[in-house]
Amino acid sequence: MTGSPQPVVFRRVVCRYGRSIAVKRVDLTVSAGEHVAVTGANGSGKSTLLRAVLGLHPLAAGDILVGGESANGTSGWMARRRNVAWVPQRLTPGRFPLLVDELLGSAIDCDVARDSAGDLGVAGLLRRPLHTLSGGQLQRVFLARALGCIAGGAGVLLADEPTAALDFAGQEQVAAMLAALPATVIVVSHDRAMSRTCDRIAEMAAGRLRIA
Amino acid sequence: MQQFLDLLTLPPVQRSGVALLLAAIALPIVGVFIVGLDIVAVRFAVMHVALLGIAVGFLTGLDPMLCGLAACAIAGAGVAPLAQRPSGLPGAMGLLMTFAIAGALLVLSVSGVNATSAFELLWGSILATRPVDLVVLAVLAAVIHLLFWRYRRPLALLMFDRELALCSGVPARLLMLVLLIVVAVAIGASIRLTGALLVDAVTILPALAARNLGHSLRSMVLLAVSFGFAGNVCGFALALALDQPPGPVLVLVAGAFTLVTYLLPEGAFNASTAARQDDDRDLRGAVPADSLRQ
Ligand SMILES: Nc1ncnc2c1ncn2[C@@H]1O[C@H](COP(=O)(O)OP(=O)(O)OP(=O)(O)O)[C@@H](O)[C@H]1O
Ligand SMILES: [Mg+2]
C-alpha cells in the first residue's frame, strides 16, 4: 500500500545546542507532493532542521506539522516517524554489527526495500554487516530502505545529502528515482543533478532559511 | 576415572552441574547485551547495588536476598533514562557504582549489620546451590530467551543505533528499560548463585569471544551460548577431575577460549559468510554490485 503525500509545515522553528542557536525561526511550507532541495554552507543547520521533524532534535520554539498535525507524546511521535522516511547524513558507527538485510527488514515494506536494493546495485551485500560497506554502498542501502518505507505508506521523504558519497552515475540515478517518487520530498543536497529535479530550492545560511 | 564418576553421583555436584548448564544457556545472552550496550562495568555496579539491597533487608527484617534482587531491578530501571544520550550509559554505571557503595556502607553502618555477613550472602558458591536457586535460574533463563527470540529484530536495531531504532518504530525507551532491568536482575542473581568470579566466566567472557567472531546479533548470541556451554562443561569437568574449586578453574578455561578468539586472524571466520553471499547473489539473479556503477 502506498500512502498519499503529506504537506510539511515549519512554523517559526528554533533549535538550539545548549546556548548556540542552530536553527533560527525557520518558516517553510512544503505542499503535498512537492519536492524541495535545501542547500547552504556547512554548519548552517540543515541536518538539525531535518532531524527536528523526526523528533531526534527537540524544538526550542515553534512547531512542525506533517499532514496538518504536530507530534505529541510517544504515540504521536511513533505515528510521525512511520509517516516520514529518513536517509541520515551519516551513521554513528555502532558498536554492534547489523546486517544489511536486517536494516532493509526494518523498512515498512521490506520486500520493496530489498527490490530497491537490487535496483541500486547493492543486492549482493545483504549478508554483510553495515560497517564493512563503503560510503556509497551504505547510502544506497539507506535509500533502498527509505523507498521501502515510502512504498509501505510513508508520505514524506527526508534525505540528508543522500548522494554525497555516490559516483556520477549514482547521483543521476538517485535524482531520477527521487523525482519519480509519489511523496513529499525534502532533500539536503549540494548536487546539481538533484537540485535540477526539485520544484524549489531553499537555502540555509547561519540557521536562517531563504527561498531561492 | 571411577572417582570422577562417583563425584557426579553426589547431589550437590549434580545440582551445581545443572546450575552451570542453565547459566550457560542464558547468561551469555545477557553478556551480549552488556557488551552491546557498552556497560561492562555493570557487574560491579550491580554487585554493590545488591549489597545495598541486602543491607536494607537486614535493616527492615525483610528477606535480604529478595531485597537485593529488588534493588537490582530498581537500579536497572533507574539508569534507563540516561540511555537516551549516546554515551550516557557507560558513564552512568560508574556513577551508579559509587552511589551504591556509599549507600550500602551507610546503611550497613546505620543498621549495625556486620558487613561481612552481608557480603557472605552475596558471595555464593556454585557447590552450595540449593534447589530453590535452580528454580530462580530456570525462570531467569526462560525470561532471557523469551526476550531475545521474541524481540531480536528491534533489539538488533536498538543496539546498533538508537535513532535508527526510533525511526523504525521501535519503542526504544520501553525496550531499553526492560533490557536494563533484565540485565541487572540476571547479574544480581548470578552473583548470588555462582559467586562474583564466575559471573564473568559465564556472562562476559563468552560475549567477548562471540563479538570477535560474530557478524550479527543473532550469530553472536548463538556463538556466545556455545562458548558459555563449552567453557562451563570443560571447566566443571576439569575442576572435578583435578579436585579443585570450580570457580577459578572455570574462569581460566573460559578465559583461555576467549583469548584464542583474540589471537585468531581477523576474518578467519568469514569464509562461510562470503560463500553465502555469493549464493544470495545467484538466487536473486540480481546484478552484481559493481556492474551498475560503471
Ligand atoms: N551535537 C552538537 N553539539 C553542539 N553543536 C552542534 C551539534 N551538532 C551540530 N552542532 C552545530 O549546529 C550547527 C548546525 O549543524 P548541522 O549539522 O545542522 O549543519 P549542516 O547544515 O547539516 O552542516 P553540513 O552541511 O556540514 O552537514 C553547526 O554549527 C554545528 O556545529
Ligand atoms: Mg548536515
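Numbering starts at 1 and runs along the chain as displayed.
Yeah, the Cβs are placed from backbone N, Cα and C, and that goes for glycine too.
Marked as transmembrane segment by TrEMBL: B:16-35, B:40-59, B:65-83, B:95-114, B:134-152, B:164-187, B:221-241, B:247-264.
Between the transmembrane segment (B:134-152) and the listed ranges B:40-59, B:65-83, B:95-114, B:164-187, B:221-241, the one holding the most Cβ pairs under 8 Å is B:164-187. Counting Cβ pairs closer than 8 Å to the transmembrane segment (B:16-35), the top stretch among B:65-83, B:95-114, B:221-241, B:247-264 is B:221-241. Non-local neighbours of the transmembrane segment (B:95-114) in the same chain are 41, 44-45, 48-49, 51-52, 55-56, 58-59, 75, 78-79; each lies 6+ residues outside the stretch with a CB under 8 Å from one of its CB atoms.
Long-range Cβ contacts of the transmembrane segment (B:221-241) within its own chain (Cβ-Cβ under 8 Å, at least 6 residues beyond either end) map to 4, 7-8, 13, 16-17, 20-21, 23-25, 27-29, 31-32, 148, 152, 201-202, 205-207, 209-210, 213-214, 249-254, 257-258.
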